[in-house]
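Before any comments, here is the structure.
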Amino acid sequence: MSTSSFDPSVNTGSQPAGLDREARVLRYKEKRKNRKFEKTIRYASRKAYAETRPRIKGRFAKRRDSESDIDGIFSSGDVSFFGDARYGVVPSF
């Protein structure tokens, strides 16, 4: 007995398989023509927000600089600058 699974008496239908392969190759070539390697932006609002956020070496960073400036103003002890001591200044970012 042969250990090979190939039996020439069984017709596997190589003709339709060849046409099927040809159709798949044509579909692949058509899709390859339409490939786009540019970055597509789906959400303009997210892009705008990301562009305004501070970065360090390309990564997003916390806004510590403006917060430390505001903390320095309030911890300076010169409350007369603000007028009435009961009211604080609302920081604007």
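The backbone N, Cα and C atoms fix where each Cβ goes, glycine too.
Bear in mind that TrEMBL entries carry predicted annotations, made automatically and left uncurated.
The feature region 'Disordered', as given by TrEMBL for the ranges 1-25, 26-50, sits at 1-25.
Helix, strand and coil counts under DSSP for the domain 'CCT' (21-63) come to 22 helix, 4 strand, 17 coil.
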